[in-house]
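J.: Sharing the feature lines straight out of TrEMBL:
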type	residues	note
COMPBIAS	123-132	compositional bias 'Basic and acidic residues'
COMPBIAS	305-322	compositional bias 'Low complexity'
COMPBIAS	369-380	compositional bias 'Low complexity'
COMPBIAS	583-592	compositional bias 'Basic residues'
DOMAIN	170-362	domain 'AAA+ ATPase'
DOMAIN	463-557	domain 'Clp ATPase C-terminal'
REGION	123-162	region 'Disordered'
REGION	283-322	region 'Disordered'
REGION	369-389	region 'Disordered'
REGION	583-603	region 'Disordered'
Amino acid sequence: MASVVTINIPQHVRLSYIALARRSFSSTSAQHSSSQFHRSDFANQPFTGTYETGLPTSGPLGGASIHGASRLTPKMLKQHLDQFVVGQDRAKKILSVAVYNHYQRIQEIQRQEEEAEELIAQRERRERHPVEDEFPGQQPTIRLGGPPTREFEGRMNSSPLLDTTPLTIEKSNIMLLGPSGVGKTLMAKTLARVLSVPFSMSDCTPFTQAGYIGEDAEVCVHRLLAAANYDVSRAERGIICLDEIDKIATAKVSHGKDVSGEGVQQALLKIIEGTTIQIQAKPERNAPRAGGQSNTYPTHNPLAGSGYTSSSNTSSTQPSKGEVYNVRTDNILFIFSGAFIGLQKVVMDRLSKGSIGFGAPVRSSSSLFYSPSSSSSKPNSHNEPIPILPGSEEEALYKKHLPFFTPTQPAQDQDSSSDPSFPVPEPTYFNPLDLLTPTDLQTYGLIPELIGRIPTTAALSSLSHSLLLRILTEPRSSLTAQYSTLFSLSSIELRFTTPALHVIASNALAMGTGARALRTEMEAILGDAMFEAPGSSVKYVLVTEKVARREEGAVYFGRGQGGRFHALIAQEEGDWEEKVRLKREGRRKERRKGGDGSGGIGSFEEWRVKAAAGAAAGAG
C-alpha cells in the first residue's frame, strides 16, 4: 500500500494562488466574450488601429478641411450682391473674396484658440493627476529633489530654439473707388445683412486729429463695439467700413496744421495695423436716467394712440457708465470707400506721359474719355461710359495693367436687345480707376503708410443707360417695386410703361449723380399723384412716356375703369414695339451700306482707317 505524502501549504500562499486563478479566469472569459473587444484584436486588420482627436486621418477624407463644408463661398456672396446691386461684377468679385477670406480667418482663429485651451486644460489635469487618467489605480512616481541628470543637461544644451506659434493669416483690407451713386455703400450694407460678424459704418468727414474739435478716429471702433452689443470677443473679429475716405486727403494748400487730413490718416495707421484701444462706455443720449424714469413724451400722431417712448427694453443691455473695454484691432477687417473726384485725371496724366515718341500716337489725357463711335472730337454726351472695343487703345491699356483681362465681345446683332428672351451681355466699360497704382493715390493726397496697409483696390465704373434701366426694375428693392408697394398701401395700382422707363433712365443719366438720380426723377414725376390719389376715388395710376417727359401729369383711373387702364398700357407698349422695329430695320440698312463700302462704318477698325484717311486728306 502506497504511502500518502501530505504537503502543508501556508495560508497566505493558498490565498494568493486562489486570487491569481480568479484573475486569470476573469481575464480569459472577458477576452473571449462576444460583446467586448480590444484594439489589439484588430491589429492585423486593414484599417487604422489608433485614433487621435484633432489630427487628420489618412483615409479618403484625409485632405478634407477640418471645418467641414463652408457655409459661405465667394460665389454665394456675389450671387447675394447680384440681387441688390446691378453691374460692377469685378468689384463684387473682389469684395466677395475679401469678405470670404476674412470669414475663413475668423474660423481658423477660433479653432486655434479652442485647441490651445484644450491643451492647457489637459496639462492642468495631468499636473493634478499625473497618471490617474491613463492608468487608474496607479500611484504617481515620487522624485526627490536633486540635481538633473547629465542626459537631461545635454538634451537641453543641444536642442535648438523652437517657435511653436501657429501660422497666422494676415488680413487684406480693401478700398472701393468710384463716382457717386454707383453702389459702393450699398454693397457694404448688403453684405452686413448676411454675415454673422459685427459690422459698422462710419463717415470720415467729421474725423479730426486727437485733441481738436470733432470726432476721433477711434470712434469707428466704438461703433463696432456697440454693434457687437459690447461683446469684445465678437467686436475684435468684425468689419469696419469707412466711407468718404477721400475727404481726409492731404490738403494741397494749407495755412496751418492739417488736423482733418493728414492728421486723421496718421491716427488711422495704428488702428488699421493692429493696436489695443481703450473705450469708455457712454450711455446713449436718449437712455433713461438712474431711478427708472423713461423719456415718454405726449404726441398728437394719429398713427399712435399713446405716448411715444424713446427707450424700449433695449436700455437694459446698455453698459454701465464709466466701464472701460480693451479692444484689439488686429483681426478687424477695414473696408474703405470714396468717390475720389479728380483721381481719373491723375491716372490719365500718368498714362499720357508715354504717348510721345517715335511711332507712338499723340493723345491728350482726356482723349480716352471720348466715345470712339462719335464722328466729332467732342466729349461723350449724356455722361455715357465708353465700352471697350476689340483693337482699341482702351483694350491695350487693360491688357497691360490688369491680369487676365478678356473684354466682352460686342453682339453682332443688336436687334435682340429689346427682347428679354435674347439677353445681350453687358459690355465692359472703360474706367481709368481700374488702372490705378499706389503712386496715383499718393499724388491724390494719401500718405504712403496708409496706402501700404490697403493692398486691395476695386474700382466701380459709371452707370450706363442700360444699367440704370435694370436698376429701375431688376433688384429686389427696385424703385418701381418700392413705389408700387407705396401706392398699394392706399389700394392704388401703379404701372409704368416701357418707354416711360427708358425716358426716366435717360433723364437720370443726364444728371450725372448715378442711381440716386432715379429717385429724383421718380419723385418729380409722382409728386402730384402721391398727393392727389390717396383718399380719393382713384384706383389706377399710369405713367406713360409723355408723363416721364413732363409733358402731362400722371393718368388717373377710377373704380370700374380697369379696362381702359389696361387698354392704354397695351397701346403704349404696341407703339413702342413698332418704334423699336423701325429702328431695327434702319440699323440693318446702315449695316448693309457699310458692307457695300458706301460710306457706312461696320466696325471699329473701319472707323479708325477712315478717320486716319480723313485726317491725311485734311492735312494735304
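Glycine too: its Cβ is placed from the backbone N, Cα and C atoms.
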J.: Could you put numbers on the helix, strand and coil content of the domain 'Clp ATPase C-terminal' (463-557), residue by residue per DSSP?
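T.: Going by DSSP assignments, the domain 'Clp ATPase C-terminal' (463-557) contains 54 helix, 13 strand, 28 coil.
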J.: How does the compositional bias 'Basic residues' (583-592) divide up by DSSP, counting helix, then strand, then coil residues?
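T.: Taking the compositional bias 'Basic residues' (583-592) as a whole: 10 helix, 0 strand, 0 coil.
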J.: Let me know the model's mean pLDDT on the domain 'AAA+ ATPase' (170-362).
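T.: Looking only at the domain 'AAA+ ATPase' (170-362), pLDDT averages out to 76.
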